[in-house]
Amino acid sequence: MPEALDSTPYDALLLLSFGGPEGPDDVVPFLENVTKGRGIPKERLKEVGQHYFLFGGVSPINDQNRALLDALRKDFADHGLDLPVYWGNRNWAPYLTDTLRDMVSDGHRRILVLATSAYASYSGCRQYRENLADSLAALAAEGLEPPRIDKLRHYFNHPGFVRPMIDGVLQSLAQLPEDVRESAHLAFTTHSIPTAAADTSGTVGEHGEGGAYVKQHLDVARLIADAVAEETGVAGRPWQLVYQSRSGAPHIPWLEPDICDHLEERHEAGVPAVVMVPIGFVSDHMEVLYDLDTEATAKAAELGLPVARSATVGADPRFAAAIRDLVLERAGSERGEDVRPCALGTLGPSHDLCPLGCCPARTPKPAAAGADSPYV
Ligand SMILES: CC1=C(CCC(=O)O)c2cc3nc(cc4[nH]c(cc5[nH]c(cc1n2)c(C)c5CCC(=O)O)c(CCC(=O)O)c4C)C(CCC(=O)O)=C3C
Ligand SMILES: [Fe+2]
């Protein structure tokens, strides 16, 4: 047995994810949950519902989270980290409030949260914290004492998140026809968000064009492009950060270009092949399976442009090991020890506690696990 690892003061980890439908009858109620009060056009919802129906009404995200849970439990057990791992979602069963209630009834008082979103932004961070605050309020209304919740820092630049994606790109390049491998471009993709949300993402000092959201993605893209250059011996391979999965009304500006427009533009410029690298996502969920593997891949076929799509980290054991590292780092720092946070790239490790004004909401709402949390 390995020497026991110390995660005090934490007594449990909560994997907090988006959630997704598990069958055709779940699709519409799931979309209603996601879009409550968010003003997404009806047409867009119908279209997104069709994406789910195309896959039997089942989002792959739930099985991917089950696989990640298994990987985390195995990694923790193999390394002597005695920390129970729970799973709750923002938009579908198992619902966050139900999981937190179970955790409280199992006696857990200090809970660390791992969100399946690696970057800053309202949608990728504060919205998760708002849902945590809502669930804590629901428990309080039931007469339960809300547990104390902390959220792990953004892990976009942790080597356990970046390294598997580098390998994914190398594998994708190997899948392309040999004569275009060397000249293939890389298209790093992430979820488009309104430019107003991007510009205010991150801490107050980071606000500005594109905000922390764009900066963080560019840092990861550059890290991957540099490593791929080194390992293939092909220097100067062109790459670009592009966007996908836009929703919202057409007159509201969102981050661009869209991956499909980008493929068209590259093709017209004579680029012989493109590897799509979905760095914005933790697993191959619907955004990846539909927007990239179905829609963008069909677009490329229509153009006659060879493309490959590289893997997300999913349940890669190196990602599970990274989460163990982040848990131990945060636990040590909560105990007042000198910790050495691990981060690649130029931005350094992200903050442990989201400060005031971080990734603001359009309409201010209570958010847990931040400096402005009513529960800290
Ligand atoms: C930044 C970001 C991530 C990455 C970080 C993270 O992972 O959190 C992400 C992930 C996901 N988004 C997902 C699904 C959806 N997102 C929607 C809508 C929206 N997402 C947005 C942003 C993001 N989304 C935004 C700005 C909107 C517009 C509405 C609003 O302002 O809130 C809608 C409504 C329909 C539509 O508009 O597309 C759906 C169904 C699923 C589940 C997939 C599955 O089932 O496999 C996942 C993992
Ligand atoms: Fe989304």
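Including glycine, each Cβ sits where the backbone N, Cα and C put it.
Annotated in TrEMBL:
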BINDING   Ser59, Tyr128  Fe-coproporphyrin III binding site
BINDING   His191, Glu287  Fe(2+) binding site
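Counting Cβ atoms from all protein chains shown, Ser59 (Fe-coproporphyrin III binding site) has 25 others lying within 10 Å of its own Cβ. Taking CA atoms as the reference points, Ser59 (Fe-coproporphyrin III binding site) and His191 (Fe(2+) binding site) are 17 Å apart. Under a cutoff of 8 A between CB atoms, and with a sequence separation of 6+ in the same chain, the neighbours of His191 (Fe(2+) binding site) are Ser123, Gly124, Tyr243, Gln244, Ser245, Gly280, Phe281, Glu287. All protein chains included, Tyr128 (Fe-coproporphyrin III binding site) registers 24 other Cβ atoms within 10 Å of its own Cβ. The DSSP secondary structure for Ser59 (Fe-coproporphyrin III binding site) is coil.
Taken residue by residue with DSSP, Tyr128 (Fe-coproporphyrin III binding site) is part of a helix.
Around the Cβ of Glu287 (Fe(2+) binding site), 22 further Cβ atoms fall within 10 Å across all displayed protein chains. Mapped onto three states, the DSSP output places His191 (Fe(2+) binding site) in strand.
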